[in-house]
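Taken verbatim from TrEMBL:
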{"type": "BINDING", "residues": "Lys495", "note": "ATP binding site"}
{"type": "COMPBIAS", "residues": "719-740", "note": "compositional bias 'Basic and acidic residues'"}
{"type": "DOMAIN", "residues": "466-740", "note": "domain 'Protein kinase'"}
{"type": "REGION", "residues": "715-740", "note": "region 'Disordered'"}
{"type": "TRANSMEM", "residues": "388-413", "note": "transmembrane segment"}
Amino acid sequence: MQPGVSVYNLSLKLPGKSFSRETTILNITGYDLGIYSVEDDATRLICSTVCLDPGIPEMVAMHNCESTSGCCHLYMESNTSFHLKLVNNHSKSNIGALSNHTSKLWDRISIASDGPSGLLLWWQIVDQSNCVAAKKNMADYACISEHSECFHGSHGYICMCNYGYTGNPYFPDGCSKLDDRGYNPIPSRADCTRWCGNASVQFPFGLEEGCFASEDFHLNCTNTTSSGALILLKAKHVIGINIAEGTVNVTSLDQQGMYSMTENFVFPIPGSFSSAQWVAANRSCFEAQQNSSRYACMSINSKCVEVSVKDLNFVHRVYVGYRCKCSDGFQGNPYIQTGCQDINECLQPNKCKGICHNTKENFSCTECPRKTEYDPLKMQCTKRQQPLLLGIIIGLSCGFGTLFLSFSAALLIRRWKRNVQKQLRKNYFQKNQGLLLETLISLDESANENTKIFPLEELEKATNNFDPTRIIGHGGHGMVYKGILSDQRVFAIKKSKVIEESEISQFINEVAVLSQINHRNIVKLFGCCLVTEVPLLVYDYVSSGSLSEVLHADSSDGFSLSWGDYLRIALETAGALSYLHSSASISIFHRDVKSSNILLDVNYTAKVSDFGASRLVPINQTHIVTNVQGTFGYLDPEYFHTRQLNGKSDVYSFGVVLVELLLRMKPVFTSESGTVKSLSNYFLQEFWCGPRGSNRGRDEHYRLTCRAMLEATRRRKTNHETGGDRTADFANKTDELISA
């Protein structure tokens, strides 16, 4: 937008009545715009935009136009001109909005076409309404080339060259015949590869140079193993080739439709799947047989077949060329010299109702001898059945009929149960807010690439139907199973204990949080499953348990980590919290930092986990007011009393973890006098880093640890320091411990 200019115009006027326009979809993105339609000097407001949230990215607003307040989604009807007036309403906005124009949409207008073909203009000849009227006045008839054809338009007509011809139909002799100079009926190589995976590639098709009749019959094989796929003309995936019928079944890679390929192929049905007809060349059989060096029907037991298809108006048939077919009584490939072989028609089912006699190129039938009859199952004459045998057959038929009905009933019941289960899973998906989760994932490109929604069957197989022996832990909001997928990757699968609405919201929250995080010291989310009554999470398997298990394990087993390992784990945890608070794309407050949520991998590297209680906070907010949630003993007292959650709350909980590391005591314990005490209060009251702990003050590691713990657990009296600053400071202090 230009300074001082508040009104902009967007218009399109068709050049003339010969031109028409398809329906156009416009996405107009901008901040606080009024969009008016101008018709006969009258203006009418048709859409307006607002964008009060400066955090909305422009691409999100444009690609989710119908659900975003910063974008207008307009349908411009076909065959009409239009005039739009775009009015910038910034001067009318409130002062608060004007002072916060960090949005990229503030000072520009973006206009994009949302259709598959963009803004597309068509043209046609409009001096006559259709082909019938145009041909009545041959003096002005536009299709003057000898081999051209007229096709109806919406309010006129267009000209095209006949199939097998190419050029400009609006000039005399503009349409010239395609020739068959490129067709070579004999492959120049004898060592051609004739298989692509499990698919046979017969001549005139081929895979290598010198193995196909012309370039149009050149196929590309993606892999010669059983998984190989055939690609035709770089745009069609070949499903099967029928040499006898002259067809090839394909799926489209470019969605092209009728008559859009080459002179050798015709695709009669536009779409993703079709059965294409093909011809050897655009010649009649008589013309092709005059040039024996290019004639495709090489087998002496073959014949030429002329191929025609319906024109674009689906009224007349258009001749497109010829193909080859084995003569009656023969089968095989007519495009090679010994390709058509005599067949035994008597082996074909129900070829004749008696005794069959096979002859070269034909067969004959005679009646069955007296007292015999033709058995269609055995395909031969058998002795007539006696009444007793007929009764037995009827009885057996009734028995088998009953079995068939029983089997059909069981099959229908099974299908009904399957449909009920399918509907139940659909209901669970909606109940578990699956649509919301898909929206959250789709808005973040990295989450969309890395987060997968797993089918239930895959997770059931991975956990042996959630065998209790696969349970490896209990999270704050569910039970955790060890799962092994079919590709032998090991994952941890979290299953929620309860199905209350609040727990589902926490589950969706955990997926939304983890999908945006990529940090080596934070557990990695791989996906989820929403079609069960209890939602499931799939994340990285951390094999060495939690810090709490290692810290408070029975010392009799002889295993323990060194003080340096504990300090390293503390540093890694501090770095993860610092990333969550200030380095991620949006601030994340964990809200449940504790030693049991710090997992250890095989190298005892820290992995912060369990984000079910976490909250996402915009970068420009220092805190949010929310219900108190966390674990007693680790809970920040100030957050408990004020319900104001910020990064300092996680810092306090991290300080309790540091005290837990130093004293090897649980956050809530029973003293020798039988009193239940909080570890943080006990630490501050006893002041272990002061006079009572002076005998330990000689250890520099211990002194710096005490300093970090006091910084974390002291009651905060000032508010000028942010949680991200405090977390980064602890990461630096903990780093001093390693260096000391």
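A Cβ is built for glycine as well, from the same backbone N, Cα and C atoms used for every other residue.
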Sequence-ordered list of residues in the chain of the residue listed as 'ATP binding site' that lie 6 or more positions away and have a Cβ within less than 8 Å of its Cβ, or none, is Phe466, Gly478, Met479, Val480, Tyr481, Val534, Leu536
When pLDDT is averaged across the domain 'Protein kinase' (466-740), the result is 76
Per DSSP (three-state), Lys495 (ATP binding site) is strand
